[in-house]
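Q: Feature list, courtesy of TrEMBL:
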type     : residues                                                                                                                                   : note
DOMAIN   : A:53-109                                                                                                                                   : domain 'P-type ATPase N-terminal'
TRANSMEM : A:306-328                                                                                                                                  : transmembrane segment
TRANSMEM : A:361-384                                                                                                                                  : transmembrane segment
BINDING  : A:Asp430, A:Lys431, A:Thr432, A:Glu543, A:Phe590, A:Lys613, A:Arg647, A:Thr728, A:Gly729, A:Asp730, A:Arg835, A:Lys841, A:Asn864, A:Asp865 : ATP binding site
BINDING  : A:Asp430, A:Thr432, A:Asp861, A:Asp865                                                                                                     : Mg(2+) binding site
ACT_SITE : A:Asp430                                                                                                                                   : active site, 4-aspartylphosphate intermediate
DOMAIN   : A:887-1137                                                                                                                                 : domain 'P-type ATPase C-terminal'
TRANSMEM : A:922-939                                                                                                                                  : transmembrane segment
TRANSMEM : A:951-971                                                                                                                                  : transmembrane segment
TRANSMEM : A:1001-1023                                                                                                                                : transmembrane segment
TRANSMEM : A:1043-1065                                                                                                                                : transmembrane segment
TRANSMEM : A:1077-1098                                                                                                                                : transmembrane segment
TRANSMEM : A:1110-1128                                                                                                                                : transmembrane segment
Amino acid sequence: MPEPRGRKQRKIRLSKLYSFGCGRSSFNPAEQSQLGGPGFSRVVETNNETNPDNPLSYFPSNSISTTKYNVFTFLPKSLFEQFRRVANMYFLVTACLSFTDLAPYSSTSAVLPLAVVILATMIKELVEDMRRKQQDDEVNGRKTLVLTADGKFEQTKWKNLRVGDIVRIQKDEYFPADLLFLSSNYDDSICYVETMNLDGETNLKVKQSIDKTSILQEEGDFIEFKTRIRCEDPNADLYTFVGTIEIQEEGHPLSVQQLLLRDSKLRNTDYIYGVVVFTGHDTKVMQNSTSAPSKRSTIERKMDKCIYLLLALLVLISSVGSVFFGIWTKEDLKNGKMKRWYLRPDDTTIFFDPKKAGISALLHFLTAMMLYGYFIPISLYISIEIVKLLQAQFINRDIHMYHDESDTPAHARTSNLNEELGQVDTILSDKTGTLTCNSMEFIKCTIAGVAYGRGITEVEKAMARRKGSPLIIDERENEIPDGTKIKGFNFTDERIIGGNWIREEGRGIIENFFRLLAVCHTCIPDVDELSGRVSYEAESPDEASFVVAAREIGFEFCQRTQNTVSLNELDYLSGTIKKRTYDLLNILEFNSTRKRMSVIVRDENGKLLLLSKGADSVMFERLSKEKTDYEEITKEHINMYADAGLRTLVLAYREIDENEYAYFNKQFTAAKNSVSADRDEKIEEAADMIEKDLILLGATAVEDKLQQGVPECIDKLAQAGIKIWVLTGDKMETAINIGYACSLLRQGMRQISITLDAPEIVSVEKSGDKDAIAKESKQSVVKQINDGKRLINEFPNESCALIIDGKSLTYALDDNTKQIFLNLAIGCSSVICCRSSPKQKALVTRLVKTGTRKVTLAIGDGANDVGMLQEADIGIGISGAEGMQAVMASDVSIAQFRFLERLLLVHGHWCYRRISSMICYFFYKNVVFGMTMFIYEAYTSFSGQAAYNDWAMAGYNVIFTSLPVIALGVLDQDVSARFCLKFPMLYQEGPRNDLFRWSRILSWMSNGVITAVIIFFLVTFSFGPQPFRHDGQPADKAPLSAAMYTCCVWVVNSQMALSISYFTLIQHILIWGSAGLWYLFLVIYGAITPSFSTTYYMVFVEELASAPSYWVVTLCVSVAALVPYFAFKAVQTSFFPGLHDFIQWMRYKGRAEDQEVGQVIRQASVRATVGVSARYDARINQQTGRVHHVVQTP
Amino acid sequence: MEVEEASTSAPGGGDRADRAFSPGRSGALYRFKQQNLPSWKPALTPGSVIMIFLVIGFFFIPMGLIFLHASESVVEIAYRYDTDCIPEPYKNDKVGYIKDSSVSKNCTRKIRVHKYMKAPIFVYYELDNFYQNHRRYVKSKNDKQLLYGMKQKDIGSCDPVQTGNGLPILPCGLIAWSLFNDSFNFARRAEPLKLNRKNISWQSDREHKFGKDVYPFNFQNGSLIGGGSLDPKVPLSEQEDLIVWMRTAALPKFRKLYGVIEVDLDTSDVVSINIANNYNTYSFGGGKRVIMTTSKWLGAGKNNFLGLAYLVTGTSSLLLSILFAMIHVRNPRY
């Protein structure tokens, strides 16, 4: 295959750029010796197809499957799932018993509803599993290049890859399996890998193959490449790999440095070759993925308890009935005398035997359990499932949660958590890719004490919108058309742009400033040969933004060689562009402890320059004693930038004289070449020595570009009383910056930072004694936590922010400290955990979930968030970006963080309300029906005679009352979406669980009892014993029961109409149509031959319809049975209104648009502690000089 | 009707057929998907609560009065004879009396009509404490046998009254076996009142549930005689007493139609009722009544309950509305 080498082959050894151990591979001899032993037995051979003992055939294929069922397991497994529900089990037993003489009704009428319900649920399961299969097929069907037997690389599907295959991966492709890295297009055989899907880190990782394989460059080389690789067995550890490769009978050790993991991505490298070592479910990423836990919502768990309650009630009333039945039966035959002779108690079966009344009573208990089965809503589960599916469709189809640019709608992947969305108490959010877009933009800078840059950050926009200030108009005017926008650069200031800086007063400093940006970095330029345009490949997006900024201002970094950096500079004296080359002498690279990066260069005049950029915390102390006059004002600017959510770096430089450099270089080189354990330390010491007495140039401000609308969204969520925690893998500074950017932090908040950076800890760490480190660290963490709590107690009126790093988190999450940690965290209005590993994210999530017993929601976009998403009650994946792991593990996926607002406040709120109302209503309607039957029983001496006709009863839950409930569950809205968003505090109904607390459930059940009593007695007393028809016919059992049924249907459906407050045509059709269906049923069923319709034969047409009293009774009962509820509701809304009542009322009065009223409601409910509003409030308070009070969210 | 304007924040598009969202962004289906259909959103305001209760009150109270009037204008004479129609010596052994077939069960009583009764006057018998709705009892019949006669072989449901002397019983089952067999004859001024006993059952029963060529067979031939017997020469579809009886009652106290007197009875007419007191309700302490009643559109027989129910519902609604109005006037919301 011809090599697409349109670009020049780089001849530099990139590994040389790194002074701190990057790309260095270390082999641990102890680990190597384990090979061949247990757990390290894998042997992989390449180009060995012909060998009959080829061990490769034992390895699994590369196809993956995430489905729940297969063809054979579907039936047993899904049935098992179904009957794990106690209610379904109960109905199964009932259905079985209904074939015996115990049954109070015909068996078919008992089995059919159950069959319908089970079947419908199974179909739903099937459809969902098919969808999962489709997704698997999509992944399995991706293409990659694999070496075929005739030595060519040809395309094949991922699923066809076998262990031992040699593959070629092109730039920006995902690795299809775990590969052993053989060679790349770079001479030193390195490649860059993006592991965002695995650990969420966005910086590129460097992998390097062993020298022996790096020579394999041409396609033909591979067919002759026979090798045997021995390595560890599949395991979940992403950071270790042990193995050897035998090349020409010679073993070479392998480490994780040579392993390319499935689902990570090749970056900045044209191509690589690799051998497949782990396939399919053996790969590390699959080993890491735990099977998705099946989540159930809080409401559903509580619903189970309600079902148990109803079952208990069922047992209770059944036993009451049985006792009475036993007594009556026994009395029927005394001393040979029959009491109720017409029952022939002398000649009877065991079911009614007066001589064995005890046994009869026991058997009757079973009958009663079946008869009162109507207390248990059989169709509840399936109705809920249907409703949730439809709700999920609404979520999927919501145009306001549709991201137009990426053509991604929201997607509710598991529909059974919709209502949980309405009860979220804490959101745990990832940062990169979730809150931010993962792109950095150079937006502002301060040079020599002058602030440049008119760009407006998302935060400032949000603040401006909050204030209603004209900033927005300003912004629109200056909006750059999309086409001309440069990635990473959002800087507008006519004083600088377009070469205007040369007329600025401080142009010398400006020149140094941008030159520093152009020289001090580790980027690689990539010159497009056609257009001459330079683009850059950088390890991190903020580095790239600096180089881009320098280029735009006139310092185009255009070439990097082994030890030079060349720029095309705009010379301000001549105003022309000159190419200047700087000799790159040393790079003192960035790491998290140094928090700075420096380069030492020699310019064309032979001057030695130290160029340095770093965090303000470390840079200011390194400035020279002779202060520049703009140091203070620069600090001020930096604070201002930080408050606007920007990431700042301080730039400084100095000239070094030759002697000093010579001394430094000696030290530094010695340190670099040393092989002792303290190598890094020595390098650092040497660097420390030279990075001092710097001259301040200014500071840059880079916007870690927040996703659109994030600050407002967080503000709304905070107003809704939801707590937001940020869990990020980023370093602390970045995390804090983002905290500011998205309004979780603000100036004036008390920050409690828990870190292990204290000198004494560091010194203990150097000793290397693990136990001592653990002990010291633990003590330190506990102390800091306690200090934090003291601080909170001291200033109860101020909002605090907790910032904790990953190392401390390890100790804080220990069993004996996690409770105090949680207490501290709950006391803070913002919590930020930085440097946290995927596992820690999951652990924190679990801690919050179990510690507070409230609903947690995790949101993230990368594979590193998977654990967190699965652990949380609800996991939300950010879709649309690259990488599907998070989405696959999530319950709902959305394209942008800001959609969370609508997802929770609108859909979540509605779904919560709908589902809880629906369940309550279900209990109500079943209690009504069951209770009328029970009271009727009392009038049949508890003989177990059903009040209604078999088929009519069977239809109650399935036909006559089910559709309106579904309408309630799918369509009801207490207030419109607009008002949900306008009054976020309405959301609190969910976390407080106002609508599904026991008192509400029980009052609905009692309402059912009251209704049943009213229905039963009104109907029976109106109907008899006096004949109800004017032609003299009295009401026997059939018309009476049909009339009572009619009343049940009307009352239950009218109750529905009363309890919803949102009517569209659909509601009307379903509610009144259900009542109509009953009449239709009566007519049709009554016309069928009497051997089928039995008692209901012609009951409506002949007996009821022509009797005025039937209609009069129906009306009377329907009204009378609803008056108690209506009065109750009227009292409640008038005197104890809920928030939704309030808002409904406001809307009715047309006052909801009133700003003032909104303010009143806001203050009456939740006070924001974070968010744009809080920041705005704080600023106003600062301005007016008043004391700032912040009330903690209850 | 409040209609929320569709938001314009999401940009619409032209040629976007391949996208996840169809370009059609209007119409009922779209509004349905956006949960933004035209809707009616009633809010429960104090005013509407008061109004609703007021309307119920004003509607229900007059209705109640009308129904009360209708039932008040019905003239009903009920006479409990089970205690009366026992000769003095048997007062303490009612069961013995009723089981003793040698004692005459006839009994004549005179009843004065207190108010003009317009024909048709319906005659009922009423039983109480009789559990015709007992599960064992209700099940003990065979619909197919009643319709098809001896062709229906499987009459297991009729247990325990299936066969007598080795032959199937027709009609089988407890219900038929316990057929009510008291009879009533009416006379006014020594002249018998004609009692129409045709068409006292539902037409659908006669035509579709009881066979026209099905005749009673082997009925009441067993050792234990239950209730009345049937004329084996009359097909079941014409045995209207049986048909009426087989319609089991819903509650332990029930009336069944016996016949219709088709002449008017004047005030202070004296009607003498000749009762054959055959049916045993004494074992289980049930009462027996004979009832003569006129009929109104709301039903035959005096039943004030419905009117009262309307009155109570209406009055309580009215009271509630006044209560709410008072509270509202005192503490107007907001």
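Including glycine, each Cβ sits where the backbone N, Cα and C put it.
Bear in mind that TrEMBL entries carry predicted annotations, made automatically and left uncurated.
Because the structure is a prediction, the values reported are computed rather than measured.
How about a rundown of where these features are and what they're close to?
A: Here the transmembrane segment (A:361-384) has Cβ contacts under 8 Å with residues 85, 87-88, 90-91, 94, 97-98, 102-105, 110, 113-114, 117, 120-121, 300, 303, 307, 310-311, 313-315, 317-319, 321-323, 325-326, 329, 350-351, 915, 918-919, 922-923, 925-927, 929-930, 933-934, 937, 942, 944, 946, 953, 956-958, 962, 965-966, 969 of the same chain, all six or more residues outside its ends.
A:Thr432 (ATP binding site) falls within neither a helix nor a strand when secondary structure is assigned with DSSP, and so counts as coil.
Other Cβ atoms within 10 Å of the Cβ of A:Asp865 (Mg(2+) binding site), summed over all protein chains shown, number 35. According to DSSP, A:Asp865 (Mg(2+) binding site) sits within a helical segment.
On the 0 to 100 pLDDT scale, the domain 'P-type ATPase C-terminal' (A:887-1137) averages 90 in the predicted structure.
Remote same-chain partners of the transmembrane segment (A:922-939), defined as residues 6 or more beyond its termini with a Cβ less than 8 Å from a stretch Cβ, comprise 306, 310, 317, 321, 324, 368, 371-377, 380, 383, 945-948, 956-957, 961, 965, 1001, 1004-1005, 1007-1009, 1011-1013, 1015-1017, 1020, 1044, 1048, 1051-1052, 1055.
Long-range contacts of the transmembrane segment (A:951-971) within the same chain, counting only residues at least 6 positions beyond its ends with a Cβ under 8 Å from a Cβ of the stretch, are 105, 109-110, 112-113, 116, 374, 377-379, 383-384, 386-387, 390-391, 394, 914-915, 917-918, 921-922, 925-926, 929, 1041-1042, 1045, 1048-1049, 1052-1053, 1056-1057, 1059-1060, 1062, 1064, 1066-1067, 1070-1071, 1073-1075, 1077-1078, 1081, 1085, 1093, 1096.
Sequence-distant contacts of the transmembrane segment (A:1043-1065) (same chain, at least 6 residues past either end, Cβ-Cβ under 8 Å): 917, 921, 924-925, 928-929, 932, 936, 947-948, 952, 956, 960-961, 964-965, 968, 971-974, 1011, 1015-1016, 1018-1020, 1023, 1035, 1071-1072, 1074-1075, 1078, 1104, 1110, 1113-1114, 1117-1118, 1121-1122, 1125-1126, 1129, 1144.
Distant neighbours of the transmembrane segment (A:1077-1098): 949-952, 955, 959-960, 1037-1038, 1041-1042, 1045-1046, 1049, 1104; these residues of the same chain sit at least 6 beyond its ends, with a Cβ under 8 Å from one of its Cβ atoms.
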Q: Validating a neighbour-count step here. Other CB atoms within 10 A of the CB of A:Asp861 (Mg(2+) binding site): how many?
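A: Looking across every protein chain shown, the total is 31.
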Q: Calculate the distance in Å between the alpha carbons (Cα) of A:Arg647 (ATP binding site) and A:Asp861 (Mg(2+) binding site), and round it to a whole number.
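A: One finds 22 Å between the Cα atoms of these residues.
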Q: Whole-number answer please: how many Å between the C-alpha atoms of A:Asp430 (ATP binding site) and A:Asp865 (Mg(2+) binding site)?
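A: Cα-Cα, rounded: 7 Å.
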Q: By the count of other Cβ atoms within 10 Å, pick out the sparsest of the binding-site residues A:Thr432, A:Asn864.
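A: With the binding-site residues A:Thr432, A:Asn864, fewest surrounding Cβ atoms within 10 Å: A:Thr432.
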Q: Taking every protein chain shown into account, which of the binding-site residues A:Asp430, A:Phe590, A:Arg647, A:Gly729, A:Arg835 has the largest tally of Cβ atoms within 10 Å of its Cβ?
A: A:Asp430
Q: What is the number of residues in the domain 'P-type ATPase N-terminal' (A:53-109) that are helix, strand and coil, as DSSP sees it?
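A: For the domain 'P-type ATPase N-terminal' (A:53-109), the helix, strand and coil counts are 29 helix, 0 strand, 28 coil.
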Q: With H, G and I counted as helix, E and B as strand and the rest as coil, say where DSSP puts A:Arg647 (ATP binding site).
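A: For A:Arg647 (ATP binding site) - judged by DSSP and reduced to three states - the answer is strand.
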Q: Roughly how many Å separate the Cα of A:Asp861 (Mg(2+) binding site) from that of A:Phe590 (ATP binding site), to the nearest whole number?
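A: Cα-Cα, rounded: 27 Å.
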